[in-house]
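Asks: Encoded as structure tokens, here's the structure I'll be asking about.
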């Protein structure tokens, strides 16, 4: 589940895991716990993810299947890991307010809003995976969260039927 910071990936991922029984992994938390970093970005005031170490750390769990992965980017994850990719999208006015409450610097705010405007993470997903498995979901208000959960649960149910005759 890629998407710009603040679009609701964590909220959706945790709720989906709770209702579906799938395992939820927040890559940011995984990196923090395992110190899976490769330096520090002074400009954005955040650690730089060591993508190779993250892939190594996750590979066994991903082979088992049944995992929801939450991270803003997705281009470094192997294509074989995913059967479907849901990219969350949020209106920039809503997103700006969410990021502002997180205390983001003006540069970080601007860059993330531009990322959403130009659909950077959606394009990254369509370039990294087969286009037919990449779907956009709106994430602006609580009722959209419920609709997204329902839609994904239906997809999971159908996938299980199709793959376990």
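Note: Cβ is positioned from N, Cα and C throughout, glycine not excepted.
TrEMBL entries are annotated by machine, without manual review.
According to TrEMBL, the protein has these features:
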BINDING   6, 8, 9, 10, 11, 102, 141  ATP binding site
REGION    26-49  region 'NMPbind'
REGION    101-111  region 'LID'
Asks: How do the residues of the region 'LID' (101-111) split into helix, strand and coil according to DSSP?
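Replies: Tallying H, G and I as helix, E and B as strand, the rest coil: 7 helix, 0 strand, 4 coil.
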Asks: Average the per-residue pLDDT over the region 'LID' (101-111) and send me the rounded value.
Replies: 95
Asks: On the Cα atoms of 6, 8, 9, 10, 11, 102, 141, which are listed as binding ATP, what is the maximum pairwise distance in Å?
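Replies: The ATP-binding residues span at most 18 Å between Cα atoms.
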Asks: Do you know the DSSP helix, strand and coil residue counts for the region 'NMPbind' (26-49)?
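Replies: Breakdown, helix to coil: 8 helix, 10 strand, 6 coil.
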Asks: Within 10 Å of the Cβ of residue 141 (ATP binding site), how many other Cβ atoms can be counted across all chains shown?
Replies: 13
Asks: Given a separation of at least six residues and a C-beta threshold under 8 Å, show me what packs close to residue 8 (ATP binding site) in the same chain.
Replies: 88, 90, 139, 145
